[in-house]
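Take a look at the structure set out below.
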Amino acid sequence: MNEFIYPEARLIAGVDEVGRGPLVGAVVTAAVILDPSRPIVGLGDSKKLSEKRRLALYDEIKDKALSWSLGRAEPEEIDQLNILHATMLAMQRAVAGLHLSPDFVLIDGNRCPALAMPSRAVVKGDSLVPEISAASILAKVTRDREMCELDLQYPQYGFARHKGYPTAVHVEKLAQFGATPQHRRSFAPVRNALLDAELAAAVARTL
């Protein structure tokens, strides 16, 4: 990792999100305060790690961190607030869920949610800041597992494979089967699938 200059603070939490781009499911966030006396080797951007390595680190982070917490914003909240504001809300929830209150919070990206303590946004923080890397891993493993569970409920969409992202297969299945209750209605491919279904139903009624 490149050298990162930390703020002067005792308890530093890293925060990251997973799931802003998918058409289905919650956006999931995590907040992590690492224990300097129990270092975790191999932390990195969760998207660049193998699934096997991610799962091993997931268990190690939960075991060794001073405090960790998950937050989320559901599809209904995403549709109501928009994805940016829903993500900020989910980050606030993750920080609020920590059983230790951090002195400073480092957020992956270029924007910070409103928090009770000082914070800083760190572009590419998931590859620069171990606390953010740890949060990224917790959030991704959690959300991927939720997509696998949703796949069992709706196997025809292939959620376990594409994790809800707008792949050609996912968009094709949306057109074929329509939207599930977990789909984000405000996202264009879902909205278009719903409109097409309404139009087809209206045409069918005239026949």
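Any Cβ shown, glycine's included, is placed from N, Cα and C.
Fair warning: this is a prediction, and the values are worked out from it, not measured in the lab.
The annotation domain 'RNase H type-2' is assigned in Swiss-Prot to 10-199.
Secondary structure at Asp108 (divalent metal cation binding site), taken from DSSP and collapsed to helix, strand or coil, is strand. Residues or ranges marked as divalent metal cation binding site in Swiss-Prot: Asp16, Glu17, Asp108.
Counting only same-chain residues at least 6 apart in sequence, those with a Cβ under 8 Å from the Cβ of Asp108 (divalent metal cation binding site) are Gly14, Val15, Asp16, Glu17, Ala121, Val122, Lys124, Gly125, Asp126, Val129, Ile132, Ala135, Ser136. Of all the binding-site residues listed here (Asp16, Glu17), it is Glu17 whose C-beta has the fewest other C-beta atoms within 10 angstroms.
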